[in-house]
Amino acid sequence: MKSVHSSPQNTSHTIMTFYPTMEEFADFNTYVAYMESQGAHQAGLAKVIPPKEWKARQMYDDIEDILIATPLQQVTSGQGGVFTQYHKKKKAMRVGQYRRLANSKKYQTPPHQNFADLEQRYWKSHPGNPPIYGADISGSLFEESTKQWNLGHLGTILDLLEQECGVVIEGVNTPYLYFGMWKTTFAWHTEDMDLYSINYLHFGEPKTWYVVPPEHGQHLERLARELFPDISRGCEAFLRHKVALISPTVLKENGIPFNCMTQEAGEFMVTFPYGYHAGFNHGFNCAEAINFATPRWIDYGKMASQCSCGESTVTFSMDPFVRIVQPESYELWKHRQDLAIVEHTEPRVAESQELSNWRDDIVLRRAALGLRLLPNLTAQCPTQPVSSGHCYNPKGCGTDAVPGSAFQSSAYHTQTQSLTLGMSARVLLPSTGSWGSGRGRGRGQGQGRGCSRGRGHGCCTRELGTEEPTVQPASKRRLLMGTRSRAQGHRPQLPLANDLMTNLSL
């Protein structure tokens, strides 16, 4: 195993790049543990370049008709390297249409000499011409034959959320696709519940990432409260809204340590718990992302604070994680007497016997159901899609997070779309022996936020003087369902334009 490092910006922790062999690439959990043993988590972000013989997908020439149900125009305001961002919903379009739009004269990447030159152009371009992001599309472009690092079934302990509580949250424990163009941006945030995340750039132009080491996350939060006082007064964890852009120059001027890394096609980026990150796309591209967890994350999950205004709430019960991964702390935790202490530099946590037993039990249950022994084939399948804002919890798992934390985590918020079921249809649809397609409708206007009980409250803001709806980023769709019916390896289609165009409410 070998790795290289990026050049740090005012920090002693560097972004490491790893080059696993095919043998090392076979076990996702083991390799993540190795990365942390090398200190990769201390920077908050790491790059993994897969072996040359590995492929996520053989060809990408068959995705032109995938539907982007709710493209989002990203409008920024501000000056001096400090900006806020909001989204305006645009009409649905196919990926082929989006590609042509991204490469048009109006939206194409400007001429530049190198990545550093393009980065300067990016920050100088704000507010400027607002780009359109094809974000938060439920689905996966990984082929079923891809066994290693397939984002649809990584096989981490985040599977406990679905297997023990029957909870599915799109974009958290199911993959999301992101079609980007020049200047499309993800603002400063940490992941929902301070989870890990993994992002694979399938094809296209690069993506630039900024990251603040987890041990300096509170420093960034303090600076953000000073730079955005009006927003911060309305919410204790307003960075969860994913609206704040802060340039590298401003970070340097205020002594905030950070790193920068460019991701190119065919590369993975892994974010670590409580690692604030932001970035932008260099041009037309397609990325896929999902959250995951390791035993080291449990204490972060216990302490993850939540959005206090209700704009962006994604939370779930920590009960199965503490009970199975930290059985020695379970009774204290139930009585709120377990004082978790997060150690940002601790590389890994020993696995409990209960967790080992759980892993063995999953293998036995899959075998009994006649399932293929993939690392994470755990799809729950009610007979009908679950509508946004409604829930069914068969096991009675609570969803209240234990309160009390000095940390202000931020959510990886998403814009709720009309309910187009892509790879999440693997979770939502029964296996019928043929490919399935799901249909449904969201509540529109960015409504249907997930909350601690799975209820959608709905929230929308409208910019004065415009006819198009503007939306604040909403949380990912939360789906609770039975845990008995399982998918049997049949891969449903991503949403196609002909399937859903007539059902859209725009």
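Cβ atoms are placed via backbone N, Cα and C, with glycine included.
Site annotation for Fe cation in Swiss-Prot covers HIS189, GLU191, and the matching candidate from HIS87, HIS277, HIS282 is HIS277. ASN199 is the only one of ASN199, ASN254 that Swiss-Prot places in the 2-oxoglutarate site (with TYR133, LYS207, LYS242). Closest to HIS241 (Zn(2+) binding site) by Cα-Cα distance, out of the binding-site residues TYR133, HIS189, GLU191, ASN199, LYS207, is HIS189. Neighbour count (other Cβ atoms within 10 Å of the Cβ, all protein chains): 28 for GLU191 (Fe cation binding site).
Within its own chain, CYS235 (Zn(2+) binding site) has HIS241, CYS307, SER308, CYS309, GLU311 as residues 6 or more apart in sequence whose C-beta sits under 8 angstroms from its own. Taking the C-alpha positions, the distance from HIS189 (Fe cation binding site) to LYS242 (2-oxoglutarate binding site) comes to 6 Å.
Using a 10 Å Cβ-Cβ cutoff, HIS241 (Zn(2+) binding site) registers 25 neighbours. For the domain 'JmjN' (15-57), DSSP puts the residue distribution at 16 helix, 7 strand, 20 coil.
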